[in-house]
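**Student:** Per Swiss-Prot, the features are:
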DOMAIN    18-207  domain 'RNase H type-2'
BINDING   24, 25, 116  divalent metal cation binding site
């Protein structure tokens, strides 16, 4: 699934100049919920102040910047891979797929995708991986903010559907509280069953049934 919008392309200085999108993900480590990715093409004529790695920003600041990015970027797209896709493909491949979906969801086709990290998804667009790119490239910073805020919103909705797990507090990460609630309430439909703590609970449940 991809969510996208864009403004009109205000044009770069020459037809030969690369149209660059930044790409980043959010949610590889959690035990529950989808993994998200975002792609952003910034408008060089409409700079956005304060872009940096989303992890270094407060929730309030991230949310404010996400609004600015969506309003001022030339094009942006948010995509995800479900828990089922994560369990079927593994988290690395699911993350790569979410990134590719995000890039493909852009209304303006980039000529170069700058990817945060050390791996690039397989896609038609030329791509370059940049380690710690979310701190070095503003378009990647913007993508990290959109991916993070979209995932946090999704986990808020999961908290409404499954309040016993306190997703609003830990966002699905394997905190002591989350593990305690997992042991108490069992595995929900939105947990990643291929992840070790979740798989161990499922294996224990099967073993207990056989006794």
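Keep in mind that glycine also has a Cβ here, set from the backbone N, Cα and C atoms.
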**Student:** Around the C-beta of residue 24 (divalent metal cation binding site), how many further C-beta atoms are within 10 angstroms, looking at every protein chain?
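**Tutor:** The answer is 30.
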**Student:** According to DSSP, does residue 116 (divalent metal cation binding site) sit in a helix, a strand, or coil?
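**Tutor:** Looking at the DSSP assignment, residue 116 (divalent metal cation binding site) belongs to a strand.
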**Student:** Could you list the residues of the same chain, at least six apart in sequence, whose Cβ is under 8 A from the Cβ of residue 25 (divalent metal cation binding site)?
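**Tutor:** Those within reach of residue 25 (divalent metal cation binding site), by Cβ under 8 Å and sequence separation of 6 or more, are 35, 36, 37, 38, 95, 98, 99, 116, 147.
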**Student:** Over the domain 'RNase H type-2' (18-207), work out the mean pLDDT and round it to an integer.
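**Tutor:** Mean pLDDT, the domain 'RNase H type-2' (18-207): 96.
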**Student:** Taking the centroid of the Cβ atoms of 24, 25, 116 (divalent metal cation site), which other same-chain residues have Cβ within 8 Å of it?
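**Tutor:** After dropping the recorded site residues, what remains is 23, 26, 37, 38, 99, 115, 117, 133, 134, 140, 143, 144, 147.
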**Student:** Across all chains shown, how many C-beta atoms besides its own are within 10 angstroms of the C-beta of residue 116 (divalent metal cation binding site)?
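**Tutor:** Total other Cβ atoms inside 10 Å, all chains included: 26.
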